[in-house]
Structures are given as C-alpha cells and as structure tokens.
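Let me begin by presenting the structure, written as structure tokens, before commenting on it.
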Amino acid sequence: MTSTGLVYMMTPALACFYGGLVENKNFLNQLFLSIVCMAIIPVQWCLFGYSFAFGPGNSVFGSFEYSLQRKAAFITVYGENIDNIETSSISTFALVAYQCSFAILTPALISGSVVGRMKLIPYMIFIFLWTTLCYDLMARWIIFHGGWLYKMGVVDFAGGLVVHLSSGISGVVAAIILGSRAHFDPDDETTSQTNHPFTILGTGLLWVGWMGFNGGFASLAIVNTNVSAASSMTIWMILDIIIGKSRGQNSSIIYLRGLCSAVVVGLVVITPAAGFVQPGYALLMGFIGGFIVYLFLAGKKRFYRVDDTLDVFSCHGLGGLIGTILTGLFCQKDVNRHVNNGAFYGNPIQLWYQLIGILVTCSYSAVCTAVILLSMHFTIGIRIDREDQVRGLDNLTHGVIE
C-alpha cells in the first residue's frame, strides 16, 4: 500500500513536470490534463477496468464478473482462487489499488503529446475509451498470469511495454492526428516561457514515486531504478558538454530541461527489467538509453517533425522500447526465478519474445488511438481553433482572466 501511495503521487508529479515545460498560457490546462485522470480512471477501474484486466475470462479478454469489485474481498492476487473463510488476510484490494495507480498514470503520459490544441471533453472521453480498449487489454495480455503474451514468455517487470511504450506510441499517433500547434516551429528551441523549478520538482517527485512503481515488487528493483536514472543523467551531462564544445562554446553548458528528461529516460529504460537484472546491467542500461535518446532528440528536427510537444515518444516510447530489448539480453534466472535467462545467458529466444511484445504493443496501441481519435474527429471534433490556441487554453477552458 505504501508503493500504491507513491505511484499515485506520480500523476500530480507528472503534472508538475509537464506543466513546467509548457508556455505560461497553457500551464493550468496541462496540469488539468494530468490531474483529471485521477478522477476518471479510478471510476472506470471500479466499474469494469480491473475485471477486464485481471478478472475471469480467457487469455485475451476478461469479463464483467468482478465489476464494481463485487467479489474482490473473496479472491487472491490476480483473481486465481476463491477463499470464503479468511477474507481479512487476502491481498486483492492491495492489487486493485496498486494496479489502478498504473492505469491512472499511463493515459496522463499521453497528454504531453497534445499540449495546447485538444478540446477538454473529447480528451476526457478519449482517456476513458483508451484505458478501456487499449490499456486494460494490454495489461491482461502482458501482466496477467493467464495473458497470451505472458504465457508466451514476454517479460515486463513494471510496465515498459504496458505503460511506457503504449503511451509513447499513442502519444505520437495523437499528435499526428491533431496536427501541429499554431506557430509550431520544430527548429525553434526557445524555452523562455517555461518554469524550470516546477519541472525539477516534478522530476524529483517522479523519481521518488518510481520507488513504488518498480520497487513495489522487489528491493533489487529500487537499487536498479536509482542506478539507471543516475547513469542516464551522467551520460546526458557528458554529451551536453562534448557537443557544446564541438559547437565552439567557451564554457560548459548543461541544460536543465534535458537533464530532467535524462532522469525520466533512465527510469523508463530500467522499468521492464528492474527486478530481472543485476545492478551492473542497470548501470549499462541507463547509459545506453540516455545515449540513444539524447542523440535522437538532438537530431529529431531534421527527420522527425511531428509536434510531439513534450517528447512523449522520445522519452517513454523509445525508452520503453530500448529497455524491453535490453531486458531480453540481460535478464537472469539466478536473479529472479520467475524469469528465463536472456540472450547473454544462453537463451536467445527471450529476445525474440521481447520483440514480439514490442510489435504487438506498438501496432495495437497505434490502431486503438487512431480509431478512437478519428471517430471523435469526424463527429464531435477534437482540435481547438487556431485563434484560441494563440490565446491559450488557460483562458479558454479554465476561466483565467488575461
């Protein structure tokens, strides 16, 4: 339950992180896009979300049998057994609450891709439908012990696929469908209107919350989580200095926005492997993830001109993909008996399982997002008018007087 509280904290932490990165005119709106998930998703989770993900059913779909938590007091973890004798000792409610905190955070991540241009009511409908049609099913396939990808052998310790890759892919698809913001210029790196203290605060709270996100399962995961985040920050600072010198800068410049992103990248990369690898591999994974994402962000304006405003795909999508692949290389049965050895320990098939998990997650998340958003686009409309975008959504949707 402590870990549940920490993961719940991550959603307002994400609001601070994202809010500090947007223009002042959209600051309150960005906070709202994250916080509103804490209202909508627990309702969905109680109604039928938990039952869809972890209730009785088959390896693909759940059921309505545990809707409204009707039998939650009588079932054990993952709904596998019934115990009518000693309900006070059964941990199902801990699982319900813990998994709900993940379900809240995941659609909130997508909000970073649609900054300043999506209508409120369509956004709220979207996160409800996306959680129902995409997240719940992905959680069943990969996290639930009876899920078809889980039984195949795909491993995801705490959400590299289910949380980060799915939200990263969905974010970039949403950004493409919505189109760019008014006055969007991918070559403009100006950040004068951002609030760096807010971003740093959000980063720190996310890091602490990740101790519950990964560490709710194992103490090893806490060590690996910290090591990966720290190593990603380290390589990010080194690259900032090297590239700055190559551009002829007289003094070393380390950008705070990038450093905060480095923390998130390191945390994301280790998430699918946190309880399956040795700390030395966590160190290496943080370096690799930070290095690749840094280079991707440095060169994206040349080949990736989608208005993914807060780099949800770069940090969460690409980070989750890298971490999932590296999990297939470094996971070790001696570390955790619930996982098979990876390719570096004589079991190359594990890497292929991870690639299958990536393929399924990317394709299914993209299709779900496109179907939901295009359906609303051609019916109720999803995009804010250009003039209102220029004014800012704080004034338009939250009654802030200029």
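Every residue gets a Cβ built from N, Cα and C, even glycine.
Copied over from TrEMBL, here are the features:
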- 3-399: domain 'Ammonium transporter AmtB-like' (DOMAIN)
- 6-24: transmembrane segment (TRANSMEM)
- 31-53: transmembrane segment (TRANSMEM)
- 90-111: transmembrane segment (TRANSMEM)
- 123-143: transmembrane segment (TRANSMEM)
- 163-184: transmembrane segment (TRANSMEM)
- 196-213: transmembrane segment (TRANSMEM)
- 219-242: transmembrane segment (TRANSMEM)
- 254-274: transmembrane segment (TRANSMEM)
- 280-298: transmembrane segment (TRANSMEM)
- 310-331: transmembrane segment (TRANSMEM)
- 351-374: transmembrane segment (TRANSMEM)
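The transmembrane segment (310-331) makes no contact with the transmembrane segment (196-213), as judged by fewer than three Cβ pairs under 8 Å among residues 6 or more apart in sequence. Packing against the transmembrane segment (6-24) from elsewhere in the chain are residues 30-31, 33-35, 37-38, 98, 101-102, 104-105, 108-109, 111-112, 115-116, 191, 193-203, 205-206, 208-213, 216, 257, 260, 264, 309-310, 392, 394: each is 6 or more residues past its ends and has a CB under 8 Å from a CB in it. The stretches the transmembrane segment (163-184) and the transmembrane segment (90-111) are in mutual contact, each linked to the other by at least three Cβ pairs under 8 Å (pairs 6 or more apart in sequence). Counting residues 6+ beyond its ends, the transmembrane segment (123-143) has Cβ neighbours under 8 Å at 33, 36-37, 40-41, 44, 48-49, 52-54, 57, 59-62, 99, 102-103, 106-108, 110-111, 114, 149-150, 154, 156, 161-162, 166, 170, 357, 360-361, 364-365, 368-369, 372-373, 376, 382 in the same chain.
Take the transmembrane segment (280-298) and the stretches 31-53, 90-111, 196-213, 219-242, 351-374: counting Cβ pairs under 8 Å, 219-242 has the most.
Beyond the transmembrane segment (351-374), the same-chain residues lying 6 or more positions past its ends with a Cβ under 8 Å from any Cβ of the stretch are 126, 129-130, 133-134, 137-138, 141-142, 149, 152-156, 161-162, 165-167, 169-170, 173-174, 177-178, 321, 324-325, 327-329, 342-343, 382.
Tertiary neighbourhood of the transmembrane segment (254-274): same-chain residues 17, 21, 155-161, 163-164, 191, 194, 196, 199-200, 202-203, 206-207, 210, 213-215, 217-218, 220-221, 224-225, 227-233, 235-237, 240-241, 281-282, 285-286, 288-290, 293-294, 297, 311, 315-316, 319-320, 322-324, 326-327, 330-331, selected by CB-CB distance under 8 Å and a gap of 6+ residues from either end.
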